[in-house]
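S.K.: Pasting a structure below so you can have a look.
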Amino acid sequence: MPATPIVAPFPAARLRRLRRTPALRALTAEHRLSVQNLIWPIFVTEVAGGEGEIASMPGVERLTLDGAQRAAERAARLGIPAVCIFPHSDPDLKTDGCERAWDPENIGNRAIRAIKDAVPDLAVMTDIALDPYNASGHDGLVRDGVILNDESVEALVRMGLAQAEAGADILGPSDMMDGRIGALRGALERAGHGDVAILSYAAKYASGFYGPFRDAVGASGRLVGDKKTYQIDPANRDEALRCVARDLAEGADMVMVKPGMPYLDLCREVKDSFGAPTYAYQVSGEYAMIEGAVRAGWLKPEVVLESLLCFRRAGCDGILTYYAPQVAALLAQG
Ligand SMILES: NCC(=O)CCC(=O)O
């Protein structure tokens, strides 16, 4: 768009002319949402009886390994290019040392292998953070109430290597420790996983919108304190851009802004500033707000598509959204 758009004086310019019919509107639509823009986050449980609907995310289920395979097949049928796996791990096996985070047999790694066996061409993304396996519910290792950056990075790298070994295509470090992207990139190269991509949760805010997610992975009652010493203050913009610049410089292939809808200003800035593949996460609280209002009859279901199109307008190449399968089915109907 030129710095000063040229608009002829009225009536030569009537901007409504191009809004008159569906055909004219289709011809002049500036952005489109496609199934190829979607990444579907799924929850996989190893807890007996842990499967089923998540109360604060109506319509979203925790899946068994078999269920995850069926979800992957559904994603492939619908043309969704990637799923992102979130583990719901056995609470009795969570420890302060988080050793299960890099166990090849943890539920996350078993899910990667199960999905890759069922649908080899579907891209599998993972999440790298210690919280699913951490007794304290934090994303990093904790000693005396302090999150240990450098020790956490070592643990996170081990976790990421185990995921790459299990067959993940895209690793998503969401922990927000300093130095993790460079450490992970180097370790992947040395281990012969130079082709595994990193989608860095680069601009991850300390947000209240993650609440339902913590129910979904069984972390709600567990978290001691908050995550404000590692996630970004919602008041900050420059800091988020520095995080993105830093992660790209350390070798991130793709970057993410999270949450999504309240942070669309950052999506636009990240895309314009760095020109890198840019994603946003429409997180659990955003899903719960929209779905709750739709189910109550206060909003029409069309707002789902609108919300996702807005990410495209804000510069995102793709969106992680719990709505991925429903939206993919709607888009296929045309
Ligand atoms: N690493 C994943 C999250 O922290 C939360 C996502 C959500 O709230 O949907």
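The backbone N, Cα and C atoms fix where each Cβ goes, glycine too.
The active site, schiff-base intermediate with substrate annotation in TrEMBL covers K204, K258.
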S.K.: Using CB atoms and a 10 A radius, I'd like the single residue among the active-site residues K204, K258 with the highest neighbour count.
M.R.: K204
S.K.: In whole Å, note down how far the CA of K204 (active site, schiff-base intermediate with substrate) lies from the CA of K258 (active site, schiff-base intermediate with substrate).
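M.R.: Cα to Cα, K258 (active site, schiff-base intermediate with substrate) and K204 (active site, schiff-base intermediate with substrate) are separated by 5 Å.
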